[in-house]
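According to TrEMBL:
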REPEAT    128-162  repeat 'PPR'
REPEAT    295-329  repeat 'PPR'
REPEAT    396-430  repeat 'PPR'
DOMAIN    610-701  domain 'DYW'
DOMAIN    748-856  domain 'Purple acid phosphatase Fn3-like'
DOMAIN    915-1010  domain 'Purple acid phosphatase N-terminal'
DOMAIN    1022-1237  domain 'Calcineurin-like phosphoesterase'
DOMAIN    1262-1321  domain 'Purple acid phosphatase C-terminal'
Amino acid sequence: MDISLSRYQNTSVVQSSYWALTDVKFYQERHLFYGSYLLNKPKRRTQVSQISCSFVKQGLHPKPKPKPLKNGHDLVKKETHVEDSSQNIGSSSGLCGQIEKLVLCKRYRDALEMFEILEIECYDDHVGKSTYDALVDACISLKSIRGVKRVFSYMINSGFEPDLYLRNRMLLMHVKCGMMIDARMLFEEMPERNLVSWNTIMAGLVDSREYVDAFRLFLIMWEEQSEASSRTFATMMRASAGLEMISPGQQLHACAIKMDVDQDIFVSCALIDMYSKCGSIEDAQCVFDVMPQKTTVGWNTIIAGYAFHGYSEEALDLYYEMQDSGVKMDHFTFSMIVRVCTRLGSLEHAKQAHAGLVRNGFGLDIVANTALVDFYSKWGRIEDARNLFEKMPHKNVISWNALIAGYGNHGQGIEALELFNRMISENMTPNHVTFLAVLSACSYSGLSDQGWEIFETMGTDFKVKPRAMHYACMIELLGHEGLLDEAFALIRDAPFKPTVNMWAALLTACRVHKNLELGKFAAEKIYGMEPEKLSNYVVLLNIYNSCGKRAEAASVFQTLKKKGLRMLPACTWIDVKKQQHMFLSGDKSKSYVQILRNLKKLILEIAEYGYVPKKNSLLPDVDEREEQMSLYHSEKLAVSFGLLNTAHSMPLHLVQSHRICDDCHLAVKLIAKVTGRVIVVRDASRFHRFADGKCSCGDYWVCYASSSAHPEGTDPDHLQAPTNEHPLAKIAIHNAVNALEESSCIIVNPLLLGDKGEDTAWVHVELQTVNPRKDDWVGVFSPAKFDASNCYFESGDSPVTPYICTAPIKYMFVEDSNPAYTTTGQASLVFQIINQREDFSFALFTGGLESVREVTLSTTFCCLIHGFVDVTVPLTNYYLGITAKWIVLCCVNLLICFFLCFKWLHHRLYLVLVQMTITWTSGYSIDEATPFVEWGWKDGQSTYLSPAGTLTFSRSSMCGAPARTVGWRDPGFIHTSFLKDLWPNTMYVYRMGHRLSNGSIIWSRMHSFKSSPYPGQDSLQRVIIFGDMGKGERDGSNDYANYQPGSLMTADRLLSDLDNFDIVFHIGNLAYAKGYISQWDHFTAQIEPIASKKPYMVASGNNERDFPNSGSFYLTSDSGGECGVPAETMFYVPAKNRAKFWYSTDYGMFHFCIADSEHDWREGSEQYAWIEKCFASVDRQKQPWLIFAANRVLGYSSSNRYAKEGSFEEPMGREHLQKLWQKYKVDIAFYGHVHGYERTCRIYQNQCVDKERFNYSGTVSGTIHVVVGGGGSTLSDFSEINTDWSLYKDHDWGFVKLTAFNHSSLLLEYKKSRDGGVYDSFTISRDYKDVLACVHDGCGTSTVAT
């Protein structure tokens, strides 16, 4: 039987288990598990004095008990147990007999205590098989690890020889008590195994969630025995469900059918569970339909499957079918249905389930009653929940949690705290969910002091470490009080990476308190984590609405439209007389005449209490057409319908697809008051219980929207659709004029940056002006002096000298920080500043980005100069970046300006075969200091010194504007050092130094790297590949054009996964500086945490190289006049001529040929000859994995742009190169340029050479082409044309990870930046002979001899 799992592996499974899993012989030649067991140690017997035990026998007369029912254990015993009289002597009398009787009476603890007496005082009383059998039952029942160790040790030391049955029982004892390490070793040492042995250990592995190991054993068992029982299949179905991989489950299903066990009840139920958990509820239903006997467990499993996938109505229908079928229901059935009713808000169905629970004798069941407490507390019947809770004879921590959370949802924080204190006094230990419930209750009710007291004591008094969910509650609590700075500080200082929920809590607070600046920052954080989630756009839209920013709201709609995300009409459900009724916003059908008439009547009644409909109250997560339809919002229609069709005493229960808007919130609150009804609404955010004119949320969670979200008018300059234009290029800095106002001022804090050695700092800018304008913005300049003295004129420029002729390094619109700026003239902004070797100044401008007028500058200050070290350590051929800092104190005195003075250094690492190359940037010329690197083994004593060369480039090196004009900034000095004679795969430490003229040395921080494997070395090697990342601003500045929205997301994802890869290839379009040289510093600062620890190799892209008349293959102006100089100087690559940015590099079993698509690659060109030489030079026996990479798509892509051209490639790309790929059997070709992910089949000359999609093996008959340009830039659209060769496309940000396990096994995984999940993967398995094999256009020249 062939069970191939590789295609469906998740990341961890593939990395750790795939190759071993598919090679059964590998495991047969080795132990199944490591270690040896005591069972084979020499047998001995300790001499212990014989002591009479008659006193133990006296008075021990257990009460008669009925014979135990035959269970699964008895059945197994019948099949395998053969009595051995020679080993059973004395088992029916003495202590052994008493132990067996105690176990029979289920007095397991007494039985183990009796065994302890036997150990100490009656050692010679013979212990037989039946006694050991009884002791196994006792240990399993008590889950006693100590008992297991004592019993098993006694068996070994006593010289007892267990037979196969007892060995299986001992194995079961270890498994059931969770001792899987010992169980594995015991199983390995078993001299004989039967099906029971295999089933026991595999079930233990599945119970321990070690699903891959379970499959390993299953394959070995199948190879050895070629048989399996129904229990085997049921167990392996659970393993497949645990992995959420449907393919092995389907293969197991096929085997079960062939062996005629598919109709077995346990196998059927396991199949239903497996298909449900693997996402195929239809297959689960098919299995259920053909069950010969539908048992209670079968019904429960299929109902649970539908409920699990959110099909609540279908689950409820199945429940009633089960009821009609006459099958007996158990407490699990009722518990599930109660949970389904909780989701649906169906009080009547829940009451019926409650009645059925009591009627069937499960009225005291703790699980079912806890589900009921949860239901009643969530749907406005907190008194019923409390009464049910008090009547429960036994309560577990989940029961307490449900009621505490219920009080919190109802805004009764005091009651929640009282219940929590009672829980503690009754010695019930709280868990992390308990603290989540009580902290949420404090948050909802504004109980700040109590909340902080509990938060601070949960770790010290209760040993529960606060998690992200608890931090989110505290952020909500601070936000409730308007302490937004404190909430942001809590996120910043959290001991882990902030989660979406934490940022969402801050965003809600910003929305309520109308802090647009911080809210926008939080929204962008959330967007970066979940870029395709509609609600993230919705909350940002709502912020703009609440602050009256019409144009900004319109731009959000434009972005949504561009991404293909559409806001669906709001929908509300209400349950009346056991029937669900659905209402859509804006629905004015004739059947609603009576509902609308009643609604208008209600509106008139609540108008007497001050209600005024808000005509522009747009729901935050519905279609813009509803803007003028507040009267017809779905929740109002549902409330009106419910009031018409229910008794006056009945509460109304509504479920909404969206968050309730402020207009409807106010209306429903007042309707509850005038009608005397209780109305419970579960919206997309939380529960609202309206009663007597009040809501349980305290009005905190209302979506305040005060203006139209889709207005007319012209967008301001800082809000446009994504564009390829650099944000700084939008500023017409040459048009700036001097309009300084003495009454305007800027105050910057702190005055000193880097005094504690930090590389970056957050700077708070407070400004005040008497003439605030909507288009005012603040620019950050470095160097601080930015007047006309720095001007440079190209030939043909206007002879008039402008007031300012250098662009800022970043800018931010003032109104984004405070919606009231245009009326108060006061605002606060926050900038993130990195050390850039120079001083800084801040200036306030008005007139937007076109008619620029300078209003005021920042004040004078004393500054601290930093030197940031950016080092790159390459192994063989790759780049690594590291940052350190050097400190020099200075003071700058200017009239009105506040300057931050920095001396910044930057470093990178590269690989050069047996040496590492370190490149870093500093502010020190060779006349000021001599650069060098000190390095050595991480654990060694010896250190070495390597000198460094120094390069730089000037304005005249640039090819045109803006790099030569407003975008120019001194790049500092770039130093390069070579570390030679490195040992492969060895950890080294290093630091950069500068020896000053006075003999003193300025050191960077200490850094470390791992040297590369030797070419051809067989070891685990992991490579990251992506293109087109760019850089993002963590403070939100410069981001008004949605320029590189996924950049920070990709960088952060790689940083969080740093231990799981070895080298990075960034294949072109690096910083997207486009002639603004300051942006290179920001890019290197962004990648520094990665590049300082891992080699970071680069390729050239159009945004680094292309410019007219500069020698580039394309004549566009994409590089902004840089024409490759910054990239070629700052990033070392092992090219003979860095102006020709193509090179080859080796990393262990990989050989990389990195092309430069901005230079001619066509046949006959210099680069074409180099590409063929690169392919031909590799020894495929030692380096089997041949990889080609370039920025532009020289292979295949179905992006819109290429599809419209009809080429599905960069024109003239594959026509010239495909013969080389085929001849030299290139495994994979990677490209950037198209911002997204796409993978082809193995292809040659536009045709797939085979039908395989996921598991490639054998001859290299074609090359797989992969576009992986989703590093961070604005996503590209794919064509609607479906090509045969395109196997997988993804419109999202992400990267590829290549893992070489050995010379025969390669894995490719495509991971999304937003969550790190694997969304596409394939494997290549082959031998050296497969590379040598002849394929079409891939054979050597034939001769007469051949």
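Glycine residues also receive a Cβ, built from the backbone N, Cα and C atoms like all the rest.
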Chain residues outside the repeat 'PPR' (396-430) and at least six past its termini with a C-beta under 8 angstroms from it: 366, 369-370, 373-374, 376-378, 380, 382, 385-386, 389, 437-438, 440-447, 450, 454, 458, 462, 464, 686-687, 689, 695-698
Spatial neighbours of the repeat 'PPR' (295-329) far in sequence, C-beta under 8 Å, 6+ residues away: 265, 268-269, 272-273, 275-277, 279, 281, 284-285, 288, 336-337, 339-341, 343-344, 346, 349, 356, 360, 580
Confidence summary for the domain 'Purple acid phosphatase N-terminal' (915-1010), mean pLDDT rounded: 89
For the repeat 'PPR' (295-329), residues assigned helix / strand / coil by DSSP: 27 helix, 0 strand, 8 coil
Helix, strand and coil residues within the domain 'Purple acid phosphatase N-terminal' (915-1010) as assigned by DSSP: 3 helix, 49 strand, 44 coil
The domain 'Purple acid phosphatase C-terminal' (1262-1321): DSSP-derived helix, strand, coil residue counts: 0 helix, 31 strand, 29 coil
The repeat 'PPR' (396-430) - residue tally per DSSP class, helix then strand then coil: 26 helix, 0 strand, 9 coil
